[in-house]
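To start, the structure under review is shown below, and the notes come after it.
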């Protein structure tokens, strides 16, 4: 707080000035003396903080035991894999696989093996896609998602490249070994779209993920980096996330179309050896997931508006504002629930009618109540709602 002081003469002004000067000097000496006590104990903390390591790595608070090292490594990989996408992918594949079940005898070891093959291969590809996105967005994530391993400095760029390369190879290897063409093409199309969505190759000096990858090859091989990066690489058709509509269509293609159709056909044709038939439940699931995928594509940018503005990502949230895009997403989901209720009401089976109508009504109500309570000034609240939708 401030105190108004009337200063009628130079003498009184000088007295007041001397008083506050001495008081500040006294307090400063106290602060310096106090800080000396902690100076040595804080040295390691400051080194860790300035070098980009998380505060949890301070040795006195968390001893560097094998158990803690393993736990920290698992935690970093957990965050790197973006668990909400892993869970969403697994549930999508399991649910669409169940749509291919026609009779109780279909639930067999063969069915579970086919589902497991699809889930594992898809999760490997999912880790490649989200990892590549992080490699391409390190600077943006330092603003939007500083807790991610690459943004926080827990992972080096080389570590990230090795992880995404390994998981993409394992995904394709598993898809090839299984011998299911629907599964293999699902992985291949996801790989192409996921790469085009994120990757940024444009500079001969190592700027962008492609340039960095070439420099690392040169550093860890006998090939001079100057030869690998002799010419500038300009691929303007990549990094589709820069364009809001293209980014949304990319996510819709993977989440709504590929996951539904390809993995259904994997179970239908490869596991059950039946002809490829597009059923009404599959059409319904694909239509609903189309709404959901558009919502995910729009909603994911709402918490990230700050970093997107700084780095020139022209998302719909940057163009239209957080609140307008938020309510557009909620409206689209409520429309999807409404259509689902109408479809369920026309079912000839009573049990299906009750579950579909009641289930979607409850979900629509919970979503609306949650949306009405959102504080748009809180990034944590918006992110929590995004996770709730997932």
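Quick reminder: no glycine exception, Cβ is built from N, Cα and C everywhere.
For reference, TrEMBL has these:
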| type | residues | note |
| --- | --- | --- |
| TRANSMEM | 84-101 | transmembrane segment |
| TRANSMEM | 110-135 | transmembrane segment |
| TRANSMEM | 183-201 | transmembrane segment |
| TRANSMEM | 243-265 | transmembrane segment |
| TRANSMEM | 277-299 | transmembrane segment |
| TRANSMEM | 351-369 | transmembrane segment |
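Long-range neighbours of the transmembrane segment (84-101) within the same chain, counting only residues 6 or more positions beyond its ends whose Cβ lies under 8 Å from a Cβ of the stretch, are 107, 111, 114-115, 118-119, 122-123, 126-127, 130, 255, 259-260, 263-264, 266-268, 271-272, 279, 281-282, 285, 289, 387, 390.
Here the transmembrane segment (243-265) has Cβ contacts under 8 Å with residues 89, 92-93, 96-97, 99-100, 118, 122, 182-183, 185-186, 189-190, 193-194, 196-197, 276, 278, 282, 285-286, 289-290, 292-294, 296-298, 301, 314-316, 319 of the same chain, all six or more residues outside its ends. Using a Cβ-Cβ cut-off under 8 Å and counting only residues 6 or more beyond its ends in the same chain, the transmembrane segment (351-369) has close neighbours at 330, 333-334, 337-338, 340-341, 343-345, 389.
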